[in-house]
Structures are given as structure tokens and as C-alpha cells.
Amino acid sequence: MKKHSARVAPLSACNSPVLTLTKVEGDEHSRDSPATTEAQSHAGMEAGGRGSRCCWTCSVTQLKKFFWGVVVVLGVCSSWSGSTQLAKLTFEKFDAPFTLTWFATNWNFLFFPLYYTGHVFKSAEKQSPQQRYRECCRFFGDNGLTLKAFFTKAAPFGVLWTLTNYLYLHAIKKINTTDVSVLFCCNKAFVFLLSWIVLRDRFMGVRIVAAILAIAGIVMMTYADGFHSHSVIGIALVVGSASMSALYKVLFKLLLGSAKFGEAALFLSVLAVFNVLFVTCIPVILYFTKVEYWSSFDAIPWGSICGFSVLLLTFNILLNFGIAITYPTLISLGIVLSVPVNAVVDHYRSDIVFNSVRVIAIVIIGLGFLLLLLPEEWDEWLIKLLTRLKVRKKEEVPEGNGDIVSGLQNKSRRTRPSMSSFTH
């Protein structure tokens with residue numbers, strides 16, 4: 001008696017599995033019965049249905065991810081450009097960039113409460129705030145958030161965070177928001193250079209080209225205003241802010257590695273605690289020394305200050321947690337798109353001159369930023385794509401030639417007289 005056992009060979013999710021038969025006993029020349037053949041065809045139809053449903057599910061998931069990516073890009077672009085414009089508007093009535101930096105950083109305390117609210121709504125296994133806090137504290141070490149961990153793993157990043165935001169806001173006072181936003185895009189080139197030197201990341205020629213383009217764009221942006229002291233100082237402040245941001249990211253990866261969403265939320269909230277405890281004295285000193293002085297608290301534009309803080313908080317939330325719903329590359333595109341938005345606003349609000357040098361500098365820096373978004377395997381993907389195109393071209397050419405040759409042969413056969421015609 002013949003015995004057969006069915007085995008499904010797994011393939012990719014969007015392909016139909018193939019039902020194969022493995023013979024255990026019996027004759028080598030055995031044939032399948034009609035019932036077995038019918039079972040195979042029925043199973044194949046079911047497998048094909050599962051494969052098509054899987055393909056449909058994959059495409060819907062990708063469409064949803066792309067849709068949320070567009071939403072996140074618009075959110076990043078609007079929050080970043082909106083916070084920049086509100087900061088410029090605030091300095092017309094409240095000339096205190098460090099105080100504004102201190103006030104906006106305090107809002108980081110909301111990161112962990114907002115994260116825990118999302119955890120309660122989405123997680124199947126809900127934890128108490130104390131349990132979630134203790135679990136996220138493991139990011140700082142086995143002993144949790146101790147005093148030593150606070151000063152060694154959080155305080156340095158609190159200083160870099162404050163310097164990054166203060167230099168950026170101080171630059172907005174000196175130059176227009178378009179130049180500030182486009183020059184800050186150079187921080188991605190600085191991240192690559194520092195990662196290559198400090199973290200020994202993979203060398204990529206295209207990213208070296210992007211870094212060169214960023215440096216060339218900085219020089220051209222300085223030349224666009226004729227090397228005036230006011231614009232040179234503003235450009236130097238933005239470049240310093242981009243450098244501090246790059247140093248923050250590289251040191252975070254070097255000292256702390258990667259963080260989960262809850263750990264990142266807790267870390268940013270801890271930065272707000274550091275800001276309240278150790279940075280509060282600086283705005284007070286600046287106020288009494290009249291470096292950053294305002295006549296009365298009623299004269300402070302609380303609306304624009306709070307609006308700036310909310311937009312900056314939104315930007316940081318999307319930047320740190322948007323990866324949960326979309327692709328990281330799309331999030332980075334939102335920063336680039338903020339440059340034309342600021343340019344349009346500056347065109348109507350200020351007397352900025354978009355001469356050829358400034359436009360070329362903006363394009364060069366934007367191109368360098370886009371080159372830095374290329375994945376590390378982009379060259380392999382490009383080689384594979386070119387190889388496939390060459391193979392297809394080679395396959396099409398012989399087939400076409402074969403059709404032409406066969407057509408000519410058939411034509412010659414039809415026109416050639418047969419031997420039977422001569423016999424008559």
C-alpha cells in the first residue's frame with residue numbers, strides 16, 4: 001500500500017506556499033490517486049487565497065504607515081517652522097533668549113506623563129506609574145536613577161540641550177529665520193563626521209560629499225550678506241548650535257546606547273528636572289545684571305512664549321516618538337521642508353534678499369542633507385538595480401532578434417518555389 005505525507009514549503013508572505021509530497025514507502029513509479037490530486041488543488045487554492053490576503057494586508061499596512069508618515073512630516077515641518085517664527089516674534093517684545101530657553105526646557109517634564117498616558121490607553125498589560133518608572137529607570141543602570149547616575153549620565157546632556165537651544169534662539173535675533181533653519185540642517189553632517197571619528201562608523205563616500213556640501217553652503221551663506229559682523233556672528237551661533245546638537249546625539253549613542261520609548265521619555269523629563277535645579281539661577285543672574293531685563297511681568301508676551309514652548313515640545317515628541325508609526329527618513333524630511341516655509345514667511349515679513357548666492361547656498365545645504373538620508377546599503381541596492389536592468393535588456397534583445405530572424409526565414413520559405421512545381 002502506498003503512503004504519502006503532505007508538507008507545505010514556506011515562502012515569502014506574499015507568495016503562495018507550494019504543496020509538495022514526500023514519499024515514505026512504495027514503488028518509485030507510483031502515481032497519485034484522483035482524490036489526492038483534488039486535495040492538492042483544493043489546498044493550493046486555499047494557500048493562494050491566504051497569500052493574496054497576506055499581500056492585501058501588507059499593502060494596507062504600508063499605506064497606513066505612509067499616510068501617518070505624511071501626517072508626521074507635516075507636523076514636524078509646521079511645529080519646527082512655527083516655533084522658529086514665534087521665537088522671532090517674541091524677541092520683538094521680550095529680548096531674553098536664555099530665559100526663553102529655560103522656560104521652554106521646563107516643558108520637557110511632560111514627556112514621561114504623556115508617555116504613561118499613551119501606555120495606559122494602548123498597552124494590554126497596564127502598570128502603575130511607580131512600576132513603569134522603576135522599569136524605565138533601568139536605562140540609567142542596575143541601581144536605577146541614583147545621584148551618581150544623575151550627574152554622570154543626565155547632567156552633561158542637560159548642558160548640551162541648553163546650549164543647543166540657546167545658541168539657536170540667540171542666532172534668530174541676529175539673522176533671518178530662513179538662514180537659521182537651513183544652517184541648522186548641517187547638524188546631520190556633523191553627526192556623521194563625529195560618528196565616523198568617535199564611534200568608528202562605516203565610511204561612506206557620499207556622506208563625505210554631503211559634509212563638504214554643508215561646509216561649502218555655510219561659507220556661501222556667509223558670503224551672501226557680504227561678511228558683515230552681524231551676519232557672521234549669527235551664522236557662527238547657528239553652526240555652534242548644530243555642533244552641540246551633533247555632539248549630544250553622538251555622546252548619547254556612545255555613553256547610553258539606544259533607548260526604548262519609555263526610557264527616552266523619562267530621560268527627557270529628567271533633563272527638565274536638571275534644568276529647574278541647576279539652570280534656574282542663570283536667568284535670575286541675567287535679570288539682575290540687566291543682560292536680559294524686562295520692565296514688568298505684565299509686559300512679557302506670555303501667549304507667544306507659551307506657543308513657542310508648546311510647538312517646540314510637539315516637535316521633540318514627533319522627532320523622538322514618530323518612528324513608532326512611520327519611517328525615520330520621512331521624519332527628517334519635515335526639517336528640510338521647514339526651510340521653504342520660513343523663506344515664504346520671511347519674504348512677506350522681513351526685508352530678506354534672495355540673491356543667487358543665498359539661493360545656491362540653500363540648495364547645496366539641502367542637497368547635502370538629502371544625501372545624508374541615504375541608507376548605508378544604497379550602493380548595493382543601486383548595483384542590484386543596474387544589474388537587473390542589464391539582464392532584462394540582454395533578455396529582450398535576443399528575443400527580439402530571434403523573432404526577426406524567424407520571420408525572415410518564414411518569409412523566405414513562402415517565397416521559395418517547391419520542387420513539386422518543377423515536376424509538372
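Placed from the backbone N, Cα and C atoms, the Cβ positions cover glycine too.
The region 'Disordered' annotation in TrEMBL covers 25-51 (among others).
Residues or ranges marked as transmembrane segment in TrEMBL: 66-87 (among others).
If you look up TrEMBL, you'll see 68-222 marked as domain 'EamA'.
Positions annotated as transmembrane segment by TrEMBL: 107-124 (among others). Below 8 angstroms of C-beta separation, residues 132-133, 136, 261-262, 264-266, 268-269, 271-273, 275, 309-310, 312-313, 316-317, 321 of the same chain, each at least six residues beyond the ends of the transmembrane segment (107-124), sit close to that stretch.
Below 8 angstroms of C-beta separation, residues 97-98, 101-102, 104-105, 137, 180, 184, 237-238, 240-241, 244-245, 247-248, 251-252, 255-256, 267, 270-271, 274-275, 278-279 of the same chain, each at least six residues beyond the ends of the transmembrane segment (145-168), sit close to that stretch. Taken from TrEMBL, the feature transmembrane segment applies to 145-168 (among others).
Only residues 6 or more beyond the boundaries of the transmembrane segment (180-199), in the same chain, are considered here, and those with a CB under 8 A from a CB of the stretch are 80-81, 84, 168, 171-172, 207, 210-211, 213-215, 217-218, 221, 234-235, 238-239, 241-243, 245-247, 249-250, 253-254, 332, 335-336, 338-339, 342, 361-362, 365-366, 368-369, 372. Per TrEMBL, transmembrane segment is recorded for 180-199 (among others).
The transmembrane segment annotation in TrEMBL covers 206-224 (among others). Proximity of distant same-chain residues to the transmembrane segment (206-224), defined by a Cβ-Cβ separation under 8 Å and at least 6 residues beyond the stretch ends, is recorded for 179, 182-183, 185-186, 188-190, 192-193, 196, 231-232, 235, 239, 355, 357-358, 360-362, 364-365, 367-369, 371-372, 374, 378-379.
The transmembrane segment annotation in TrEMBL covers 230-252 (among others).
As annotated by TrEMBL, transmembrane segment applies to 264-288 (among others).
According to TrEMBL, the transmembrane segment annotation covers 325-345 (among others). Within the chain carrying the transmembrane segment (325-345), a Cβ under 8 angstroms from the stretch's Cβ atoms is held by residues 65-66, 68-70, 72-78, 80-81, 84-85, 177-178, 180-182, 185, 188, 318-319, 352, 354, 362, 366, 369-370, 373, all 6 or more beyond its ends.
Same-chain neighbours of the transmembrane segment (357-374): 178-179, 182-183, 185-186, 188-189, 192, 206-207, 209-214, 216-218, 220-221, 223-224, 329, 332-333, 335-336, 339, 343, counting only residues six or more beyond its ends whose CB sits under 8 Å from a CB of the stretch. What TrEMBL lists as transmembrane segment is 357-374 (among others).
Per TrEMBL, the feature region 'Disordered' maps to 399-424 (among others).
The predicted model assigns the domain 'EamA' (68-222) a mean pLDDT of 90.
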